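Taken from Swiss-Prot, the feature FMN binding site covers 10-15, 56-60, D90, 94-99, D147. The annotation domain 'Flavodoxin-like' is assigned in Swiss-Prot to 4-165 on the grounds of sequence analysis.
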Amino acid sequence: MAITGIFFGSDTGNTENIAKMIQKQLGKDVADVHDIAKSSKEDLEAYDILLLGIPTWYYGEAQCDWDDFFPTLEEIDFNGKLVALFGCGDQEDYAEYFCDALGTIRDIIEPRGATIVGHWPTAGYHFEASKGLADDDHFVGLAIDEDRQPELTAERVEKWVKQISEELHLDEILNA
């Protein structure tokens, strides 16, 4: 088993593709990928480092598999767990709800002890509001828009993975 668990929910395949891009950059020896629809509480509890991928649907709704998993997520003690979030949204058609699900999942795991890393700058995005903000200048995790800015996805993922690798001290952990 790898040291990092990447858990995603996806209806269109976009968030799944992002999860696999992240795994490819980290390496399969560092990160395992899991579909949240096929995951259990014990699956998440097995990792001290979690990357959670959650897309936002329509008017700020979480993807259905994550929505179904939220009661289970609320049972997990996240103390001692390092968590980075990533998610897909549409900043044009749903500008008032862009990547809201990032905030939804943060609001579940942070009070349960999760240490969240991987805040991502809002520069370069064009949206009106988001519950997925950490502050005025940062999302709580990586925000991806495959509908309006697919040409930026690979670069954003690459930079974010480098950022979280440093924040998580992955080199030190792997070389310990």
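Note that Cβ sites are derived from N, Cα and C of the backbone, with glycine treated the same way.
Note that the coordinates shown come from a computational prediction; the quantities given were computed from them, not determined experimentally.
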Residues that sit under 8 angstroms from T56 (FMN binding site) by C-beta distance, when 6+ apart in the chain: A62, Q63, G87, C88, G89, D90, Y94, Y97, F98, C99, D100, A101, L102, G132
Mean per-residue pLDDT computed across the domain 'Flavodoxin-like' (4-165): 97
Secondary-structure category, per DSSP, in which Y97 (FMN binding site) falls: helix
Per DSSP, three-state class assigned to T56 (FMN binding site): strand
Y97 (FMN binding site), number of other Cβ atoms within 10 Å: 23
Entry from the binding-site residues list Y59, Y94 having the most other CB atoms no farther than 10 A: Y94
Packing count at S10 (FMN binding site) (other Cβ atoms within 10 Å of its Cβ): 21
For D147 (FMN binding site), the number of other Cβ atoms found within 10 Å of its own Cβ: 15
Cβ atoms near G13 (FMN binding site) (within 10 Å, other residues, all chains): 10
